Amino acid sequence: MDPEAGTNRTAVAEFILLGLVETEKLQSLVFVLFLLAYLVTVGGNLSILAAILVEPKLHTPMYFFLGNLSVLDVGCITVTVPPMLGRLLSHKCTVSYDACLTQLFFFHLLAGMDCFLLTAMAYDRFLAICRPLTYSTRMSQTVQRMLVAGPWACAFTNALTHTIAISTLNFCGPNVINHFYCDLPQLFQLSCSSTQLNELLLFVAAAFMAVSPLVLITVSYAHVVAAVLRIRSAEGRKKAFSTCGSHLTVVGIFYGTGVFSYMRLSSIESSDKDKGVGVFMTVINPMLNPLIYSLRNPDVQGALCQVLVGRRLLT
């Protein structure tokens, strides 16, 4: 009998991340593309955050939540892409056990917070459109802070729980992860311990962290749609829907990729589809969000011009 089997210690000191591609030429291309994506994402999200901070017209609850979303997007891509770029640059595919679990923790912390923040944004739109007379009191600065601080605590608890739970599993080998970052499904496949409890924990956490927020978002927008359809003016309906369209697009992309990633735990091996979804979750989504929220928003566009060109040139 393996002496490690009865302990909670792992025999694996490091994991090998295969990354996205194997050939050296393609690795060089991936490095350039992901470096550009990282710079664009960080630059775009920080620009939106700066615009929100400097433009008084954007000091509203909707843009307060959007600023927090920009911070999350920068964090999400920073957790996954720079380590991958470092491995491509050094031609070293290994990651230590502790570094892998650290990446896992921060990834689930930020992803969990994303779920709650998207829900807070949907609630904000519900109050603004369906309860406009009481909007200012129901969405006060204290409420805004609570809608951010509370989810951070929940997301932290969720991420810490998963990290501690995965640390109790034994990893006896193999240690090859067919992905470009560490996540629960891939680690479950490598464990030589039973992962039934871990998968049950992930299922319960998903119900609280993802399904419940999605239900609340759906209910909020059901009320919003009903309220907008009662508006007689076509221009009024168009304006009301335009304020929600960007958020609904982000919600659809975020939940679509998340469901594909975590509803396939029973698969034997990670496939290229899993890598593609991982790229969408950690790179494409954070890069698209600034574009989605700024392209059709004149207030954000004007504030961005002030940030990039300078206030004096506009006055």
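All residue numbers here begin at 1 and follow the chain in the order shown.
Using N, Cα and C of the backbone, Cβ positions are placed for all residues, glycine too.
All annotation found in TrEMBL is predicted automatically rather than curated by experts.
The transmembrane segment annotation in TrEMBL covers 29-54 (among others).
Sequence annotations record features per position, and here TrEMBL assigns domain 'G-protein coupled receptors family 1 profile' to 44-293.
Sequence annotations record features per position, and here TrEMBL assigns transmembrane segment to 63-85 (among others).
Sequence annotations record features per position, and here TrEMBL assigns transmembrane segment to 105-126 (among others).
Same-chain residues lying 6 or more positions outside the transmembrane segment (147-166) and placing a CB less than 8 Å from one of its CB atoms are 65, 68, 101, 104-110, 112-113, 115-117, 120, 123, 184, 187, 197-198, 201-202, 205, 208-209. Residues or ranges marked as transmembrane segment by TrEMBL: 147-166 (among others).
Nonlocal intrachain contacts for the transmembrane segment (200-229), taken as residues 6+ away from its ends with a CB within less than 8 angstroms of a stretch CB, comprise 112, 115-116, 118-119, 122-123, 125-126, 129-130, 154-155, 158, 161-162, 165, 184, 237, 240-241, 244, 248, 251, 255, 258, 262, 265. The transmembrane segment feature in TrEMBL is assigned to 200-229 (among others).
The transmembrane segment feature in TrEMBL is assigned to 241-263 (among others).
Sequence-distant contacts of the transmembrane segment (29-54) (same chain, at least 6 residues past either end, Cβ-Cβ under 8 Å): 19-21, 63-64, 66-67, 70-71, 73-74, 77-78, 81-82, 84-85, 88-89, 283-284, 286-287, 289-291, 293-294, 300, 303-304, 306-308, 311. Residues belonging to the domain 'G-protein coupled receptors family 1 profile' (44-293) score a mean pLDDT of 87 in the model.
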